[in-house]
There are 2 protein chains.
Amino acid sequence: MQTFTINSALDMHLHLRDEEMLKLVAPLTSKTFAAALIMPNLVPPVTTKEALLGYKERIKEACKKDDFEPKMTLFFKNDYSYEFLKDIKDEIIALKLYPAGITTNSETGVSSMDVESLRPTLESMSKLNIPLCIHGETNGFVMDREKEFMPIYESIASSFPDLKIIMEHITTKDAVKLLDKYENLYATVTLHHLLITLDDLAGGMLKPHLFCKPIAKRPEDRSALLEAALNAHPKLMFGSDSAPHPKHKKECCGCAAGVFTSPIALQVLTELFDKNNKLENLNSFISLNAQRIYNFKAKEKAIKLVKKEFIVPDAYRYNEEIVVPMFAGQSLSWSIEE
Amino acid sequence: MQTFTINSALDMHLHLRDEEMLKLVAPLTSKTFAAALIMPNLVPPVTTKEALLGYKERIKEACKKDDFEPKMTLFFKNDYSYEFLKDIKDEIIALKLYPAGITTNSETGVSSMDVESLRPTLESMSKLNIPLCIHGETNGFVMDREKEFMPIYESIASSFPDLKIIMEHITTKDAVKLLDKYENLYATVTLHHLLITLDDLAGGMLKPHLFCKPIAKRPEDRSALLEAALNAHPKLMFGSDSAPHPKHKKECCGCAAGVFTSPIALQVLTELFDKNNKLENLNSFISLNAQRIYNFKAKEKAIKLVKKEFIVPDAYRYNEEIVVPMFAGQSLSWSIEE
């Protein structure tokens with residue numbers, strides 16, 4: 001039987017939430033991933049060292065695994081002092097910037113993306129060599145939000161040439177193109193944006209479980225993302241943006257955005273890279289690129305996949321919490337060797 | 001208090017379904033409309049005189065009103081004989097053509113939109129002066145489906161210059177433009193496509209009750225539709241495409257397409273035209289244009305609206321059937337005088 005080994009899988013964009021939901025989803029990542037970059041958009045967001053260390057502790061406890069490392073991020077604010085950032089630097093891998101109100105729990109994000117208003121914090125980050133992760137969307141028409149954000153990426157990238165900037169969960173060919181224009185621009189891409197377009201959400205029946213922000217775009221966008229991922233574009237990393245929302249908030253009359261992929265990501269990525277005869281690039285996409293870009297050495301953690309059918313569970317549960325994964329109830333052609 | 005009277009409101013694109021659902025929704029149209037063009041996409045579709053007359057009878061019974069006239073349509077097939085169409089002509093207002101599989105209950109629609117394969121039926125219709133209503137979408141990317149259909153409209157319109165062709169539920173600026181290019185092209189537009197874009201479905205939370213086919217498009221498309229409607233473009237008619245789906249099929253993990261607007265259409269249209277200072281055009285848009293285009297005289301039916309708050313019910317029920325209307329639970333500024 002065909003097998004493939006993924007070494008030190010890294011999820012460079014992950015939502016673990018808190019409390020019961022954290023306890024449900026954290027082990028589903030720590031089972032197969034060696035580390036993950038943890039998003040700070042809790043309620044309230046993670047903006048202090050105390051909150052950060054407390055959250056890290058709760059994550060570790062929920063994981064019950066020593067071979068998983070949560071890489072913490074701080075919620076971007078304009079007015080962090082240099083001293084504060086210097087003090088917290090060793091505890092974090094990056095700051096995450098949200099334009100206010102653009103996605104789940106981002107209400108306290110920045111209200112202006114004008115470089116001058118961001119400058120105080122960005123200058124400190126640049127000096128301290130702390131990377132900046134950005135949710136890059138305007139509040140324009142839903143299909144244009146990422147494209148409209150490109151000039152803002154360009155403005156920050158050129159104003160702070162020593163700052164590493166990661167365009168999070170890119171969804172368009174425009175963003176792929178921008179990677180090659182600025183040396184200090186990088187990106188993550190999700191599993192679902194490699195697989196779906198708006199057609200999958202709304203072309204047939206409406207599929208709330210495929211509703212995400214940024215919204216899945218056009219076929220030519222998916223092609224550009226897929227090509228970059230399959231060829232292990234050196235500036236592109238895997239970041240699942242796996243976002244657990246309770247089942248009842250996905251199947252209702254005003255559904256939350258987010259696709260839950262953590263427990264199936266490795267299987268689906270292996271299937272995708274195998275189908276395209278690019279398995280040799282998967283470890284770069286899912287681990288080596290991120291280690292080089294963020295400049296850290298991941299712990300050893302080998303996960304062996306076998307080409308054997310895996311039926312995705314209908315849901316994952318913990319007490320009252322129920323989360324429905326992507327491909328719920330469907331058959332995948334690769335599974336994790338237990 | 002400000003009032004406005006709508007005379008002989010016509011809904012030139014309506015789904016009434018059958019059985020319990022018919023009994024629920026038919027009275028919600030017949031209460032305020034003088035007539036409606038009834039879509040034939042039942043299961044099985046309406047393709048015989050017997051089925052047509054039986055359905056018409058059930059509709060009349062469900063309405064319990066003498067001042068409402070169902071205008072029946074026949075489901076388009078390539079192989080209707082001239083004699084059959086001649087015989088049924090007085091019972092119908094039009095034939096409705098669906099590309100196979102393009103929307104609810106369209107599985108037995110035409111598999112090719114090639115003019116030559118449609119010719120036999122279209123020639124008879126042209127001779128007999130029977131209008132053709134078309135659901136004009138390709139099976140391409142969901143945002144492009146109507147635009148991609150434009151060459152097909154052009155091809156039919158130029159091949160059959162004596163055939164009246166109605167582009168149903170148009171959603172794009174391209175379709176509005178096409179109206180002025182061919183004398184024999186007309187269109188209906190829904191209430192919801194005058195009000196929403198893809199942003200309303202998926203720009204914030206996902207709103208299954210705003211999910212429709214064709215999908216709501218871009219802001220510039222809505223603007224073009226709204227401008228044509230408000231100015232009572234002489235080739236544009238109101239057709240609600242009000243489509244009742246049971247509540248449980250709208251709030252689930254694979255939701256049906258369709259917005260239910262019948263019971264609120266007059267109030268919302270009056271609000272919309274009033275807000276834009278175009279009330280003087282509303283009777284043309286909602287009645288006179290259709291009478292001229294389809295060449296019939298509607299029965300007198302005056303509906304008086306008053307500028308007084310109306311809270312839209314959360315749902316409409318009949319036995320086990322529950323349908324959620326657009327603007328459920330929300331406040332409108334015009335109501336129907338009881």
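Backbone N, Cα and C atoms are what each Cβ position is placed from, and that goes for glycine too.
Annotated domain 'Amidohydrolase-related' per TrEMBL: A:11-296, in sequence order.
For A:Asp241 (Zn(2+) 1 binding site), the count of additional Cβ atoms within 10 Å of its Cβ stands at 27 [all protein chains shown]. The feature Zn(2+) 1 binding site is assigned by TrEMBL to A:His13, A:His15, A:Lys96, A:Asp241.
According to TrEMBL, the substrate binding site annotation covers A:His15, A:Leu16, A:Arg17, A:Asn41, A:His135, A:His245, A:Ala257. Cβ neighbour count for A:His245 (substrate binding site): 22 (other Cβ atoms within 10 Å of its Cβ, all protein chains included).
Following the DSSP three-state reduction, the secondary structure of A:His135 (substrate binding site) is coil. Marked as Zn(2+) 2 binding site by TrEMBL: A:Lys96, A:His135, A:His169.
Taking a C-beta cut-off of under 8 Å and a sequence gap of six or more, A:Lys96 (Zn(2+) 1 binding site) has these contacts in its own chain: A:Met39, A:Pro40, A:Asn41, A:Thr73, A:Leu74, A:Phe75, A:Phe76, A:Cys133, A:Ile134, A:His135, A:Glu168. Residues or ranges marked as N6-carboxylysine in TrEMBL: A:Lys96.
Taken residue by residue with DSSP, A:Asp241 (Zn(2+) 1 binding site) is part of neither helix nor strand, so it is coil. According to TrEMBL, the active site annotation covers A:Asp241.
Within 10 Å of its Cβ, the residue among the binding-site residues A:Leu16, A:Ala257 with the fewest other Cβ atoms is A:Ala257.
Using a 10 angstroms CA-CA radius around A:His169 (Zn(2+) 2 binding site), the binding-site residues that qualify from A:His13, A:His15, A:Leu16, A:Asp241, A:His245 are A:His13, A:Asp241.
Around the Cβ of A:His135 (substrate binding site), a 10 Å sphere holds 24 further Cβ atoms from the protein chains shown. A:His15 (Zn(2+) 1 binding site) sits 10 Å from A:His245 (substrate binding site), counting Cα to Cα. Same-chain neighbours of the Zn(2+) 2 site beyond A:Lys96, A:His135, A:His169, judged by a C-beta within 8 angstroms of the site's C-beta center, are, in sequence order, A:His13, A:Met39, A:Leu97, A:Tyr98, A:Thr103, A:Cys133, A:Ile134, A:Gly136, A:Glu168, A:Asp241. Over all protein chains present, the Cβ of A:His169 (Zn(2+) 2 binding site) has 25 other Cβ atoms lying within 10 Å.
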